[in-house]
Amino acid sequence: MESSRKSYVLMLFLAFVIMNVCSVSGEPKDGEIAGFEMEEARYDACVNACLEHHPNVRECEEACKNPVPP
């Protein structure tokens, strides 16, 4: 009885490790994709808002790449 319990726990542990390894080496998760798209949208909005006041595109891009925290 005790050995079957140990083997069951070992199988669960191995399944957990395999799932984590596959998720790291595989495609990005949905949250990572959404986070990247949200960051890209924030950057585009920042550049567009900056260009309304400043004609220099390069300065706006640099300012939006390294935003100053509030």
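In case you wondered, yes, glycine gets a Cβ from its N, Cα and C as well.
The disulfide bond feature in Swiss-Prot is assigned to C46-C64, C50-C60. As annotated by Swiss-Prot, signal peptide applies to 1-26.
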Residues satisfying Cβ distance under 8 Å from C60 (disulfide bond), sequence separation of at least 6: C46, V47, C50, L51, H54
Cβ neighbours within the same chain of C64 (disulfide bond) - under 8 Å, at least six residues apart: Y43, C46, V47, C50
Cβ atoms near C50 (disulfide bond) (within 10 Å, other residues, all chains): 17
